[in-house]
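Peer 1: Let me give you the structure first, and then I'll get to my questions.
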There are 2 protein chains.
Amino acid sequence: MKEKLSIVKIGGNVIEDEKALAIFLTAFSKLEGLKILVHGGGKLATQLATKLGVESKMIDGRRITDAETVDIITMVYGGLANKKIVAQLQAKKINAIGLSGADGNSIQAHKRPVKEIDYGFVGDIDGVNSELLSNLLSINLTPIFCAISHDGDGQLLNTNADTIASEIAIGMASLYKTTLYYCFEKKGVLLDITDDNSVVKNINTTKYNELLSEGVIADGMLPKLHNSFHALNNTVEKVCLGDVTMLDKNTEFFTTLTL
Amino acid sequence: MKEKLSIVKIGGNVIEDEKALAIFLTAFSKLEGLKILVHGGGKLATQLATKLGVESKMIDGRRITDAETVDIITMVYGGLANKKIVAQLQAKKINAIGLSGADGNSIQAHKRPVKEIDYGFVGDIDGVNSELLSNLLSINLTPIFCAISHDGDGQLLNTNADTIASEIAIGMASLYKTTLYYCFEKKGVLLDITDDNSVVKNINTTKYNELLSEGVIADGMLPKLHNSFHALNNTVEKVCLGDVTMLDKNTEFFTTLTL
């Protein structure tokens, strides 16, 4: 029987807030079995860019990553955020190891082709080095990924953290019984965006299509759900969406997605 | 028979200069056998600190690392410099993996006790996780260390890169036939500091004491040689000092230290 593996993605709002991060890392450290963490960097990169006088260009909520910006992202996501998480998990006796996609050639990508918009040094993922990750897990290491991939030709690439999480989950699904957790500020998919208690507990493909046509899933939830069903359609067993309490076995107040 | 392992340390002046770094990484990638790289960050951290309006405090050439400065060092050494090196080595088909001392609990340290000077968040090394490094080497990974350790209690610590290199060499010496390379801007230990060709090719303990008493070894060379003989006295087989050409088997124009 395959061993269980949890892939947990946390959003930038947790990374930005020291208290929220400490609460999350405690919950993550208690999660049983093999696990991998993927983190974004949130507004920290924008804040550093502002201090350095580098303009943050966004189109449709997506960052345009020029050469200066990819350096800033590498400093903030790959350096500060990643190493702080690793050091704090070590204090909780989790043998964490921080990785970008360049480390161990763990996430191979290519620079997004220029069509209407030139996103700059942004990566579209080609593959995940599941053999490496499996080796690291087997010596009791817990990989902690920042949202950076590489093109194999020396260039680091800013990459969507939700996508990294789902691609890792897909890459590992043939080796492990894989669950993907998207941990964010809401308790799950909400029927009424103004009511935090209107969580839809279970969504399957039929329900997903219903909610899509009713317009319940919109804005930032669209790519998250798209990534989730992409993962489910590629042998990931289960995807869960919710806030930090989702990692606690005593609560079931979150959204579970299955095919 | 023990397998060969090379520990190579490069200084900040190489990291700061893109061309020099590319030349170094080509030489490093061609070095045969198992290898580990340790890099400083040089003036890059000071440059970022200046841009951010954070004052860089130095006493006797040593940086005083306050909370803001340890964040800057984590961004520059652990993020930008480390990930760029890793990505560039991947392009040369070296399966590099970037590490701080917190990653995999690879370098355990404690905050330097305050005596006459409070160095701030500076680490004195307690131990190297040789089992982890040996595991990583055995799956064909090449560890790339930035000069950061941790205290096991969540705190990252700015740590001298020369010392990290010698402590790794010592930690690995029981498992591998270990050579430590200090790669810097000079061709080796010079009899006459103004003459780049006055390299002392071989230094043993007797010669070392002679050169010390004659004042030939001074300034920045003192801690480097101290670290080197500390390593040799702790079962490291050989220490070499020189510029990047030292890694090329066809040149012998560098300094070799033995007991």
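Here the Cβ of each residue, glycine as well, is placed from N, Cα and C on the backbone.
Taken from TrEMBL, the feature domain 'Aspartate/glutamate/uridylate kinase' applies to B:5-240. Per TrEMBL, the feature site 'Transition state stabilizer' maps to B:Lys9, B:Lys224. Taken from TrEMBL, the feature substrate binding site covers B:Gly41, B:Gly42, B:Arg63, B:Asn158.
Situate these features within the shown structure.
Peer 2: For the domain 'Aspartate/glutamate/uridylate kinase' (B:5-240), the mean pLDDT of the prediction comes to 94.
All protein chains included, B:Lys9 (site 'Transition state stabilizer') registers 27 other Cβ atoms within 10 Å of its own Cβ. Under the DSSP three-state reduction, B:Lys9 (site 'Transition state stabilizer') is assigned to strand.
The DSSP secondary structure for B:Asn158 (substrate binding site) is strand. In this view, B:Asn158 (substrate binding site) is surrounded by 26 other Cβ atoms within 10 Å of its Cβ, with every protein chain counted.
B:Lys224 (site 'Transition state stabilizer'): 21 other CB atoms within 10 A of its CB, across all protein chains.
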Peer 1: Looking at substrate and its recorded binding residues B:Gly41, B:Gly42, B:Arg63, B:Asn158, figure out the farthest C-alpha pair and report it in angstrom, whole number.
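Peer 2: Spelled out: the longest distance between any two Cα atoms in B:Gly41, B:Gly42, B:Arg63, B:Asn158 is 13 Å.
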Peer 1: What is the total of other Cβ atoms whose distance to the Cβ of B:Gly41 (substrate binding site) is within 10 Å?
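Peer 2: Other Cβ atoms found within 10 Å: 27.
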Peer 1: For B:Gly42 (substrate binding site), write down the residues of its own chain that are at least 6 apart in sequence and whose Cβ falls under 8 Å from its Cβ; none is a fine answer.
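Peer 2: Same-chain residues close to B:Gly42 (substrate binding site) (Cβ under 8 Å, separated by 6 or more) are B:Gly11, B:Gly12, B:Asn13, B:Val14, B:Ile15, B:Glu16.
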Peer 1: Please report how many Å separate the Cα atom of B:Lys224 (site 'Transition state stabilizer') from that of B:Arg63 (substrate binding site), as a whole number.
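Peer 2: Per the Cα atoms, B:Lys224 (site 'Transition state stabilizer') and B:Arg63 (substrate binding site) stand 17 Å apart.
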Peer 1: Measuring Cα to Cα, how many angstrom lie between B:Gly41 (substrate binding site) and B:Lys9 (site 'Transition state stabilizer')?
Peer 2: 11
